[in-house]
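Reviewing the structure listed below.
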Amino acid sequence: EGTALRLKLGMSSQGDKEPVYRDCVKQCVRTNCTGARLRGFQSAQPQYMALTGWTCRDDCRYQCMWTTVGLYQAEGYRVPQFHGKWPFARFLCFEEPASALASLLNGLACLLMLLRYRSTVPRQSPMYHTINAFSLVSLNAWFWSTVFHTRDTYLTEKMDYFCATAVILYSIYLCCVRTLGLRRPGVSSMVGVLLILAFTSHVSYLTFVSFDYGYNMAANATIGMVNLLWWLCWCWQNRRTLPYWWKCGLVVMLLHGLALLELLDFPPMLWILDAHAVWHLSTIPVHFLFYSFLIDDSLYLLNTEKMGVKVE
């Protein structure tokens, strides 16, 4: 998933609190972002930068960030964060190039395996439509993750966070349908309604009350743990009857284990590769294993349905 678990401690960080940074930005804006200088900047700005919303003020903040980083390093201090993020070397219009590329590759892996799933599993399989819907929710999340890491704005940040939460909640619904809903459709429908209410409440609180990064991280971690334990219990229960159970168990363990990479939270190597990018890069192969499990399980369910065998 495109879950962004980074904890931003407000919008202010050590780097942007520095007087040298603030004075630099003020001077740059005053000098370059008015009158003829601004028109010159806009005419010289590449079209892709304008289309992604980069302004003269944004460019001042970017240039002054590196001025401040240089002063910190010259004095032997640790590289500071700015506005809740590490300094990244911008590539074209990509604010965080490595994370944007990793998110795109995750989305492509998801799309590739969805197409393979559709070409391998008949539509009559009991989980076919639920898995297709889950894949579309995941693709949407990876799209917004790519957009957010390309350009961090109020809208793209919220869409990245909210869509990532939707993936985790839908994963719980997917688990519920597979473990309970095939025999008790009413249970999965009830859980689905509760998950929709939970998502609506979560988004409403973050949108209209307070966008609390700590709360968002805690909420995602909690529902992620529910998802993990539910799938692992099902895997353990079916370990003797389903030869492919280990794929599911390994996937959920990997997803939650790899998320711990974010705790490293080091300054970007070569000003491009940070812990968040490493996390996203590490999840790319997981899609192939997960859809391998989904294909095996969907074909198993189709065969047992044809034979009239009770599904567990």
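One-based numbering along the chain as shown.
Backbone N, Cα and C define each Cβ position, glycine as well.
Predicted automatically and left uncurated, TrEMBL annotations should be read as such.
Feature annotations, reproduced from TrEMBL:
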TRANSMEM  98-115  transmembrane segment
TRANSMEM  127-147  transmembrane segment
TRANSMEM  159-180  transmembrane segment
TRANSMEM  187-207  transmembrane segment
TRANSMEM  213-232  transmembrane segment
TRANSMEM  244-264  transmembrane segment
TRANSMEM  284-302  transmembrane segment
Which of 98-115, 127-147, 187-207, 244-264, 284-302 shares the most C-beta pairs under 8 angstroms with the transmembrane segment (159-180)?
127-147
Look over the recorded stretches 127-147, 244-264, 284-302 and say which has the most C-beta pairs under 8 A to the transmembrane segment (98-115).
127-147
Same-chain Cβ contacts of the transmembrane segment (127-147) under 8 Å, 6 or more residues past its ends?
1-4, 99-100, 103-104, 106-107, 110-111, 114, 117-118, 121, 156, 159-160, 163-164, 166-167, 170-171, 173-174, 177-178, 182, 280, 294, 297-298, 301
